[in-house]
Amino acid sequence: MMNTNELFDQTAVNSSQDKPLNPPFAVAQPANIARGKFRSLTLINWNGFFARTFDFDELVTTLSGGNGAGKSTTMAGFVTALIPDLTLLNFRNTTEAGSTSSSRDKGLYGKLKAGVCYAVLETVNSRAQRIITGVRLQQIAGRDKKVDIRPFSLQNVPMADSVISLFTEQVANKARVLSLNDLKEKFEETAVTFKPYHSITDYHSFMFDLGILPKRLRSSSDRNKFYKLIEASLYGGISSVITKSLRDYLLPENSGVRQAFQDMEAALRENRMTLEAIKVTQSDRDMFKHLITEATQYVSADYMRNANERRGNVVSALAQRRTWYDTKAKLLVEEQRLIEFSREVADINLTEQSLESEYNVANDHLNLVMNALRHQEKIIRYQDEVDALNEKLEQQQIALEEVSEQVEDAQAHTDEIDDRVDGLRSQIADYQQALDAQQTRALQYQQAITALQKAQQLCALPHLDLDNLKDYQTEFEAQAQDITDHVFELEQRLSISDMTKTQFEKAYQLVCKVSGEIDRSQAWSEATQLLATFPDQKMQAAQAVALRQKLADLEQRLHQQQKVQRLIAEFNQQAAKKLTDFTALENHFEQQQIKLEDLEAELANVIELRSVHRQQQEQLTQQYNQLAKTAPAWHTARSVLTRLEEQCAEQFENSQAIMHCMQEMLRKEREATLERDELARTEAALASQISQLSQADGAEDIRLNQLAERLGGVLLSELYDDVSLQDAPYFSALYGEARHAIVVRDLTSVKAQLEKLTDCPNDLYLIEGDPTAFDDTVFSAEELYDSVIVKVSNRQWRYSKFPEVPLFGRAAREKHLITLKTERDDIAEQHAESAFNVQKYQRLHQHLSQFVGTHLNIAFQPDPEMLMQEIALERQEIEGQLNQAVENEHYLRQQADHLKAELQMLNKILPLANTLADETVMERFEECREQLQSAEENELFVRQFGQYLTQLAPIATSLQTDPSKFEQLEHDYQQAKSTQRILQQKVFALSDVMQRRLHFNYSEENQCEGSALTEQLRTDLALAQQEREQARQRLRQAQAQFTQYNQVLISLRSAYDAKYQMLQELMQEIDDLGVRGDSAAEECARLRRDELQQQLSQQRARKGYLDKQLGIIEAEIDNLNRLLRKTERDYQTQRELVVQAKASWCLVQKLSRNSDVEKRLNRRELAYQSAEELRSISDKALGALRTAVADNEYLRDSLRASEDSRKPENKVAFFIAVYQHLRERIRQDIIRTDDPIDAIEQMEIELSRLINELTSREKKLAISAESVANILRKTIQREQNRILQLNQGLQNIAFGQVKGVRLVVNIRDTHSILLNALSDQHEQHKDLFESQKLSFSEALAMLYKRVNPHIELGQRMPQTIGEELLDYRNYLDLEVETLRGADGWMRAESSALSTGEAIGTGMSILLMVVQSWEEESRRMRAKDILPCRLLFLDEAARLDAMSINTLFELCERLDMQLLIAAPENISPEHGTTYKLVRKILANQEYVHVVGLKGFGQQMNKST
């Protein structure tokens, strides 16, 4: 933020920065500074110019040549090196005709050759530094015809090195163009500084700093202005682009003033926003305090209630568990008593269950025996049927085999006859085909040969022929006879073996049924062994019934003995003894009776001690309750005391420390108040000094500005406002007290006005002089080392030393202002801190006073909770002793009950102790059980396999010989028959050959002999067919008989399988029953069942009597069980509550500790209130909170979620949310803490201080409408004077009929009305400028609309319009006028001027712009540098000779360079002229250049 004086100071600074230094005012500018000049332009690898340097004349350089000679290319290279921005470059004379837009390459692509190209400018600045700047250009392949441009610069290049040699190197007899990387490597180790630029802004900044450009081109907008100026210069005429925006070109932007106003408005806006925020904070302070107080009450009350409930639940759970354990102990005692009474019932139940199970077993056994008897009858019946079917099956099998053999014989005989019939048929067919004798003989011969080959093949005799045929036939017939005899023998043996096979198979099957599958060779030995052991097994099976009766008797006796042993073992286990005999048991019984009497006496003493402990417990409880009543007040006092200790950063041990701290706070408050007042005075003094130094014209007294305006003069400080910081001490000492003088043109004219002045300084200095051409020749002065001697007159000298802190000139004032503002900011910060300390000490003293009046008498008492803890420990110790007494009582009672139980058990054991004498019962029982097990196994074996062994005995001898050889015999028989068949075939083949023996010697026979043979064959065929039919009939009969026998066999086999399967199932069932099925077993089982039934009836009668006696005891046990379940259920329920509360409490603790709010919630003073009281506090706070957070959705939702009593952690989350909400809402620039409670405390301290400070600051920041009008008018006046001075340089310009050019600047009528309203009528518009809702810019816009109601502002925002109205350029209209002929001064327009006149007028305007830019940028450039001035002019032939001379004269007078292009030499006697001619040599195009130095210039110099 800044005050009004700071606004004017900033305004003056910025306006003075923008104010150009006119030559008459340039006090510190040396006269011998040479202007920078462009020395040459070098084009490398351009179209027509491989390496060409154009040296520029100091004034005018002319490029002469015909169309296409390269003039435009040369100028394009210059412009490209000057402004390497492809977005701006556009060379018109190479664009497409009739196109609405320029070509893609902007006219640059076609001017370059492939490869690396350079456009380089060589410049010598005012410091005589040689500077080389340029661009590297390179065509980019593609249809877009783009060009890549990279700017660079070279410094410290020796004057002797040519530019071309820098960018090329010689390779043999050719030159190579170097790339940028090559250039960098070339100059890397030399003194030459090579620097490429990646930004056009950096490139232009370099050129501006070294005096190549007249203006710093900071942005693309500045580059656009400069390019438009160059373009207008290049193509000549009056550029509409420039004339329409002359204000942008000639009037500097007074951004400092506008920015100052914007900063001021921002400061005012921020100040007002801060005030509003303070008011909102002040209004919300009570709400914040109310919110945090109610939230603390709401959450802490529930927090402490949950803590108390959790503690109560834990105590209740422990009590429930104690009750549960007590009930369980009582139940154990009652159950122990029940055990003694119920053991007898248990024994009876056990006996009854045993008898009942035995009775059920006996009944089931009887049923099994009867079922087995019925199964045995079925087995016998099915066994007979199976045997009969088996015999029939064997007989049918034998008959079937015989019929099968008959079928096979008939089939073989039929096949043989079929073969013979087929052979006869083939012979007949052959004989019929051979009708003549030769054919018949040949056929017979062939058949004979075939028969011989068949015999050779069949008999395996390859050497068989007619000679040995008879021998072989005889031999094979003998073999056939032998094999026939052998077959007959085998048939006889096979029929005999078939009879023995049936008996062996039956005996073998019986053995397998008894012993399982065994080898056939072992069947005889297995059968012998089974038949040998079978009589003994039958005898042992008969003894099973007697053994069962004996085993039952032994089992009953063994059970009685085991019962006594079990009772003794149980007694020994309970009593931890090892008593086994009757004497030891009797002695132990007497000892236990004596011990029981002693325990009863000790129990009486323990009961008396328990009553004493209970009295002491009641006394301690009363003391504890008394302390609990005083604890809340003590905790409240200690909480307040802790808060005070944190605020005071001290520890209070007693009440004297509190009183001492109060006195200390009073002392600190007085000291801080004195310091605050002193800093306020220092800050005010610095602000006043800054305000004086911030005046726009350097006047220490604001009245001087009004006087200067009234007297029509200018303040001397304003004339010297641009003096440098180095010259400031000299001029300050030179003028002394007169440095605040007013410079007027005529003192005599001012003298009359002096007498009328009423409000002016005591000493007013007036100096006569021209304000537009004032210098320091008023005084005769002599400068010494650090002082100056001023000769006021011949008799009066003034000696003045240079001031240590000069204040003459804007630069000196700005430097001192920086120091003063820094000091003022430090003082302001210290003042704010002191004011805060004053408020803090006041608040601390107030809090201490309240504490003394409320809590001092109780805060330093001993901690009640510590005393309560001591009492609790003592009470806990007494409770432990009381519990110990109760436990001792319970233990003694248990011991007594235990002794009683032991005595009761001994009463049951002693009558039965004599049964322990018999020690052989167990051995006899095991022996009898083993005998019975063996007898039952034999009985089962006999029952299952006795019938099989009975059938096996008669035929067992057949197992001695194995009929399996029958199969081998049958195999030999089949093999012999096969051999017989083969031999018969061989014999038949040899017989056939023997019959055809004559055919081998066959000769021709007559026809009748062939016919007789055919008839013989047909007769044989008919006989063979008849025999074949008979054989087939016999085969069909045999097959029908075989089918019939086979069906009978299948039916017999199915019946056998069904009967046998049923037999096996019955045998399996009787095996599963495991009993013997005979009449003796049935009678024995029936007797056993009746006996057990009688015993069971006696036991049940006894049991009914005992159950009536146990009813009372069981009812008591049930009552105790119900009580135990109830207490256990209550304990589990209470424990679940504790566990759930613990989980929730842990989450609450975690949230509160992680968020550092536990100390806020753990209010110990609330721990002593009841749950209803705490709930009431929480409910009241909840109602208040609902109203407080009704407008905050987040807090409202959090509060609603916290109302769930099942989740207390939500309340802590709500408290944390409130903390976070307050932490975010409280201004961190005002409050110096993150804790909302501490922030509210600091807010109380800070609010009043900030309100006073910001209110006073707003008064300082208030912007005066009259001051704004004065600033705008002064700025407008200064710029008007500058434009008038620029017009002086255009007085002698003449082009054709144009005899003069000037700039006319006027104030717009609407804006003039606005200025008048601001300065003279500001009282009428207070409603705008004093409104808190409008900024100054908005108020200014509203005033503009009010005083100009006829103007339509459109939809623009008032803020935007107001910002434009703060720019003085919008108040001015700037036009160019020309003096032409009889028309006088008229507005310069191209339509009213000839081409030459327009070119000259446009050039004059451009010169004014360039000069204006130089003056505007003078303060941003070094003082020893004057920038280069160069303009272009293409097609200059349109100017006449007088206009050309005018241009040359203008260039000479303004020290400017001009580059002209024309088809002809327009003025060869002036400047330097280059003749350009484009030629083609050896298919290479190049531009021939001839330079001519102006001879007229040389003659003038010589003369």
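Even glycines carry a Cβ here, placed using N, Cα and C.
Residues or ranges marked as compositional bias 'Polar residues' by Swiss-Prot: 1-19.
What Swiss-Prot lists as region 'Disordered' is 1-21.
Counting every protein chain shown, the number of other Cβ atoms lying within 10 Å of the Cβ of Asn67 (ATP binding site) is 9. Positions annotated as ATP binding site by Swiss-Prot, on the basis of sequence analysis: Gly65, Gly66, Asn67, Gly68, Ala69, Gly70, Lys71, Ser72.
For the coiled coil (370-495), the model's average pLDDT works out to 76. For 370-495 (among others), the entry in Swiss-Prot reads coiled coil, with the evidence type sequence analysis.
Per Swiss-Prot, coiled coil is recorded for 536-616 (among others), and the stated evidence type is sequence analysis.
Taken from Swiss-Prot, the feature coiled coil covers 662-697 (among others), and the record attributes it to sequence analysis.
Taken from Swiss-Prot, the feature region 'Flexible hinge' applies to 696-813, supported by sequence analysis.
Annotation source Swiss-Prot lists coiled coil at 865-1173 (among others).
Positions annotated as coiled coil by Swiss-Prot: 1238-1293 (among others).
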- Apart from Gly65, Gly66, Asn67, Gly68, Ala69, Gly70, Lys71, Ser72, which residues in this chain have a Cβ no more than 8 Å from the mean position of the Cβ atoms of those residues at the ATP site? Thr73, Pro1463, Leu1476, Arg1478
- Message: If I restrict to non-local contacts, at least six residues apart, and a C-beta distance under 8 angstroms, what lies near Gly70 (ATP binding site) in its own chain?
- Response: Asn47, Gly48, Phe49, Leu1476, Arg1478, Val1487
- Message: Please give me the CB contact count at 10 A for Ala69 (ATP binding site), counting all chains in the structure.
- Response: 22
- Secondary structure at Gly65 (ATP binding site) (DSSP, helix/strand/coil)? strand
- Among Gly65, Gly66, Gly68, the most crowded of the binding-site residues [Cβ within 10 Å]: Gly65
- So how many of the residues in the region 'Flexible hinge' (696-813) end up helix, strand or coil by DSSP? 41 helix, 25 strand, 52 coil
- Across all the protein chains here, work out how many other Cβ atoms are within 10 Å of the Cβ of Lys71 (ATP binding site). 25
- Look up Ser72 (ATP binding site) in the DSSP assignment and report helix, strand or coil. helix
